[in-house]
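Trainee: Have a look at this one before I ask anything.
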Amino acid sequence: MEFYKYQGTGNDFVMVDNRDLQFPKDKTIIEKLCDRRFGIGADGLILLENDPDYDFKMVYYNSDGGESTMCGNGGRCLVAFAFFLDIFEDKCKFMAIDGEHEAEVHNGIIKLKMINVDTISHDGNDFVLNTGSPHYVKYVENLSDYNVYTEGNGIRNSENYREKGINVNFVEKISDQEIFVRTYERGVEDETYSCGTGVTASALTFLQKHHLTSVKVKTLGGNLKVYAEKNGDSFQNIWLEGPAKQVFRGKTDIL
Ligand SMILES: N[C@@H](CCC[C@H](N)C(=O)O)C(=O)O
């Protein structure tokens, strides 16, 4: 099987052109392909498929092999992959598990429109919201030295969230225009270098508090930017922007 490897701010994905629907959607196989010792190695695997009403369709799996909810960086990488395959010119629309997404490509920078967010709930002093995937957002100090694995794993496996799982983001304010975000991801069950839906969730809590329409976001794997408009309680016109790159392509016998 031919595959491609992409990364978006260090969130990395095995990418397969499955327009012929030949890929076996088997949990054990996907887990093996994503394994960093015995496989290709990635935070997730994404299938590019045809959709009769859109330029293409996104099917996303976490590295544990389970199909999951929306992946923002994965979506940006898939747009870069579709652009590489000449599926569209500079703007596209695709279908994902959380609905329709628009995207634009300019000089390797991919701008992805995220779903509207109607509710930001509180859990104590922290925030819970869904940006296509469920996210917990906690503001901390000294984020560089923070134990993201232990604290994130604890919240993800706490009584309220254990069953469905949740992604856990730790946020530190850098300035009025910039935040630093580190994320423990459900389904990877570890910290990743960046999480697009998590960066979006974290950014929205910051935009709400400071009445802003955009914020720069630093992650371990690079920099992103989030734009959004607030209409009543709801955030609309939410865009996640940043680089996404093809790293290599190859053939695997794992299947
Ligand atoms: N890396 C992602 C989020 C992927 C989904 C997540 N692991 C989940 O199961 O909710 C992103 O960039 O958004």
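Indices start at 1 and increase along the chain as displayed.
Positions of Cβ are set from backbone N, Cα and C atoms, glycine also.
TrEMBL labels come from automatic prediction, so no person has curated them.
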Trainee: Have a look through ASN18, ASN50, ASN167, ASN169 and flag the one TrEMBL assigns to the substrate site that ASN11, ASN62, GLY72, ASN73, GLU185, ARG186, GLY196, THR197 belong to.
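Mentor: Among the candidates, TrEMBL records only ASN167 at this substrate site.
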Trainee: Using the Cβ center of ASN11, ASN62, GLY72, ASN73, ASN167, GLU185, ARG186, GLY196, THR197 as the substrate site position, which other residues in that chain lie within 8 Å, going by their Cβ?
Mentor: ASP43, GLY44, CYS71, GLY74, SER133, THR183, VAL188, THR192, CYS195, GLY198
Trainee: Roughly how many Å separate the Cα of THR197 (substrate binding site) from that of CYS71 (active site, proton donor), to the nearest whole number?
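Mentor: THR197 (substrate binding site) and CYS71 (active site, proton donor) have their Cα atoms 6 Å apart.
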